[in-house]
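Visitor: Sending over a structure as C-alpha cells; questions will come in a sec.
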C-alpha cells in the first residue's frame, strides 16, 4: 500500500514551482496527443473514403473528390509533422531554460545600449523582438514547404520565391511596428495602474483592437494586396440593392487581388457604425478570377491539352451566387453575430486581466520558469496567459467553435429568407470544389475543429427551401 501511495506522496513533496512546471508540460503534451488522436481519425477517413459517397453523387464528380482527398491527406500529414516539431521545440525551450536565457540576453543587449536593469520595458521589447525573430526563423522552413510543395502540388500557390520572402519580411516589419509600441504602452499602464491596473489594461487593449479593426483594411492590408473598387455594373448595383434592403450601411465594395498569392477564395465585410465596406476576393468572382482569363490574341493555335487545363481550372461564382454568399455574410451582421463575438472576446479579455492581477504576485509562478530573482511584467503576462490559462483556453476555444457553427447555420437561414437558398446551395458546392474541401469528416474531429458546419449538413438545411 505504501508503494502505491508513493507517486502521490512524491508529487505533494515537490516544491510548488516544480509542480507548476510539470503540470504545464503534462497538459501541453496531453493537448498535443488529443489533437494527434483526432487528426489520426480524420486521416483514416481520407485514406479509406476513396469513392464519392452516394449522398454526394449529385454534388461532386469523382475527379474533384479524389483531388480534394489527396490534398487534405497531404495537409494532414504536414500538420502532423509540423505539430510534433512545434511541441518538441516548446518542450525543449522550457526544459533548457530558453525563456530566462533569452531574457538575460535581452538584458545584456539593452545594457550594451546604455539601458540598465531599471529600464525593464526596454529589455522587454528587446526580448519580444528576439522571440518573434526566433519564431519567424524556425517557422520559415515549414512555411516554405507548405507553400511551395503542398499548395504548389495541388495548384493553389501563385507566389514566386522572391514574392514569398518580400512578403515575409514585410509582415515581420509591420508586426513589429504594431507589437512593440502597443506592448510598451501596456507594460507602462500595468506598472503605473495601481490596484486597478487590470481595468486600465483591459480598456487599453479594447481601444487598440478597435483601432486596428478600423485601420486594418484601409492602411495595413493594402501593404500586402491590391484593393480596387468594384467597377460600376450589374453586380455592384445588385450588391447595393441587397445591402439597402436589409439596412446595411454600405459605403464601398472592393475586389482584392488575392490570386497573386493563392487561388483560395473568400469574402468579408468590415468597418464600424455607418461606414461598412465589402471585400470580395478576385478568386470568388468568375469575371475577375485570374484562372478564367482568356488567352491573349494570337494564341488560337494552342493545343487541346492547354485548353482542357484552363477549362478544368474554371473558378469562381456567378453574380447570383456571389450575392448569395454575401447574403450569408450580411446575415452575420444583421443577426448581431459580429457584436456578440466582440462582447464575448472582451468579457474573456477582462476576466483574463483580472485573474492576471490576482496571480501576478505569486513568486512561485516565476520560479517555475527559471525566474528566481526577478519578476518581469512581460514574463508574467507570458507565463499566465500562455501557460497557466492553457486549460481554460482549450475549453473556451471548443465553446466558440460550437457557437460559430450555430452562427453559420443562422446566417445560411438568413440568406435563405432573402430568397438565395438555391444560389447559396450551388455557391457552397463551387467554393468547396475551388478550395478542394473534402466533404466527409470524422464526427469527433469535425465537432472539435470545424468552426463551419460540414458541407453536407449546410446543404441539407438549404435543400428544403431550394426544393420549394
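Here the Cβ of each residue, glycine as well, is placed from N, Cα and C on the backbone.
Just so you know, TrEMBL annotations never went through curation; they're auto-generated.
Under the heading transmembrane segment, TrEMBL lists 20-38, 78-101, 121-145, 172-190, 196-217, 350-372, 378-403. The domain 'CAAX prenyl protease 1 N-terminal' annotation in TrEMBL covers 42-226. Feature annotation from TrEMBL assigns domain 'Peptidase M48' to 229-463. What TrEMBL lists as region 'Disordered' is 294-314. The Zn(2+) binding site annotation in TrEMBL covers 328, 332, 408. Under the heading active site, TrEMBL lists 329. Sequence annotations record features per position, and here TrEMBL assigns active site, proton donor to 412.
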Visitor: How many Å lie between the Cα of residue 332 (Zn(2+) binding site) and the Cα of residue 412 (active site, proton donor)?
Guide: 9
Visitor: Per the 3+ Cβ pairs under 8 Å rule, pairs at least 6 apart in sequence, do the transmembrane segment (378-403) and the transmembrane segment (196-217) touch?
Guide: no
Visitor: Are there 3 or more C-beta pairs under 8 Å linking the transmembrane segment (350-372) with the transmembrane segment (20-38), counting only pairs at least 6 apart in sequence?
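Guide: As far as Cβ distances go (cut-off 8 Å, pairs 6 or more apart), the transmembrane segment (20-38) and the transmembrane segment (350-372) touch.
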Visitor: Looking at the domain 'CAAX prenyl protease 1 N-terminal' (42-226) alone, can you tell me the average pLDDT?
Guide: 93
Visitor: Would you please pick out, from the recorded positions 329, 408, 412, the one with the fewest other Cβ atoms within 10 Å of its Cβ?
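Guide: Counting other Cβ atoms within 10 Å of each of the recorded positions 329, 408, 412 gives the minimum at 329.
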Visitor: Per 10 Å Cβ neighbour count, which of the binding-site residues 328, 332 ranks highest?
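Guide: Counting every other Cβ within 10 Å of each candidate, the maximum falls on 328.
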Visitor: Can you list the residues of the same chain, besides 328, 332, 408, whose Cβ falls within 8 Å of the Zn(2+) site's Cβ centroid?
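Guide: Along the chain, the qualifying residues are 329, 331, 337, 407, 410, 411, 412, 414, 415.
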Visitor: Cα distance, residue 328 (Zn(2+) binding site) to residue 412 (active site, proton donor), nearest Å?
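Guide: That comes out at 5 Å between the alpha carbons.
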Visitor: Which range out of 78-101, 121-145, 196-217, 350-372 gives the transmembrane segment (172-190) the most CB pairs under 8 Å?
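Guide: Answer, by Cβ pair count: 121-145.
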Visitor: Sorry to bug you, but what's the C-alpha spacing from residue 329 (active site) to residue 408 (Zn(2+) binding site), rounded to the closest Å?
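Guide: One finds 9 Å between the Cα atoms of these residues.
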Visitor: What stretch of 78-101, 121-145, 350-372 shows the most Cβ pairs under 8 Å to the transmembrane segment (196-217)?
Guide: 350-372
